[in-house]
Amino acid sequence: MRNPTKYESDTESDVTTALEAPEGADTSWPGQLPGTDPLPGRLDRWLASRGAELVAIRRHIHAHPEASHSEFETAALIARELTVAGLSPRLLPRGNGVICDIGEGPRTIAFRADIDSLPLHDLKEVPYRSTVDGQAHACGHDVHTTILLGLGMALAQLNDQGLLPGRVRLIFQPAEEAMPSGAPEVIAAGALKDVDAIYALHCYPQLPAGLVGVRSGPFTAAADAVEINLTGPGGHTARPHLTADLVYALGRVIVEVPALLSRRVDPRSGLSLVWGAVHAGQAFNAIPGAGVLRGTIRVLSREAWREAPELITRLIREVVAPTGAEADVNYTRGVPPVINDRMASAVIASAAGAALGPDRVVEAELSMGGEDFSFYLEHVPGAMIRLGTGRPGADVRHDLHRGDFDVDESCIAYGVRVMAHTALAALATGAF
């Protein structure tokens, strides 16, 4: 018998609302194998017996965040839990991520969770507050990880009973928050070998727990970074005609490059260049000899994203050239846009409706944020959804990437429920 004492939680009240099937949820499973019991009953019983433990695991991970590329203890915890569940997880080559298969069959459906934290201070006064100074799970990756663990535990039991009609692959990915991110490394390690489709979810505090947001097509934007270093001889502000006026040159780049992009790129691509930092000089009467400008590029179109580095670099040089300054442009690739597959979105929307009730599935808003789940979608069809994590009826929403971010922990059971239904639905369909 397992001993979960290291994750003991002092409360079960936070998750009781999610342990029973929500009102309106189906009590039968349309993709049910002949002769088997419906999934909802089995899943309800499993969540009732293990839901509080999942909350305790989430709190342990939340209290012990690990930075991008350094998620070694988190990966070890994941591997231990999956091993206890009777599975055979394998660590990534660097030991900071995990891949685990469940079951066998002609189709393989993958589910991915990111496991790294953010370089922020945890500002919450809760028992599970971060114990690592300057690191916090402020983007919900602890929740994503716990839900995927719960999915693995539940499906392992289903597989032991001969009720899993195919293979499910769990991918616990490091370094989602880094640039470059961890997804390409995970893919290179074979995470997508033989995979037919892939799914993921992301915490969304703007929706209350118990609701999910689904969207076909563009879901999040590509996100790149650019840094421009301008240099010149410097000089006196009384004689700008004798030097290269770097402040003027920076001003031209700030204003003209975004304006030119609006005339060089199809507006339907959603491309934007927004500056975040500019530094040049100190004295009020001295033209500086160096200046730096930094910004982010976001775009919804894969084609426009592929063309962006060459186009933006060329426009910067064209704008700077008449000023006499020298421009060194460093363009850093971030992530491509997440574009959800139509069929994959339909499958998870239907599964979420069966898991939670059709009135609890809403259309997700398009986001200009970046998400490296997009790298997986460059290889196989799939979809990401938004998981409601807000407290129903609460006026305050603890937003992502803030030091006070937290969730209504009932979202964990809701997430497991949706993903378990999705796994069986995706395995049952012949669309992939």
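Glycine residues also receive a Cβ, built from the backbone N, Cα and C atoms like all the rest.
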Item to check | Among E177, E185, E227, E378 - the residue TrEMBL places in the same Mn(2+) site as C139, H141, H202, H401 | outcome: E177
Next on the checklist: Within a 10 Å radius around the Cβ, which one of these binding-site residues has the most neighbouring Cβ atoms: H202, H401?
Outcome noted: H202
Checklist outcome for this item: Other C-beta atoms within 10 angstroms of the C-beta of C139 (Mn(2+) binding site) total 21
Checklist outcome for this item: Same-chain neighbours of the Mn(2+) site, Cβ within 8 Å of the mean position of the Cβ atoms of C139, H141, E177, H202, H401 and not counting those residues, run in sequence order as D114, L118, H137, A138, G140, E176, C203, L400
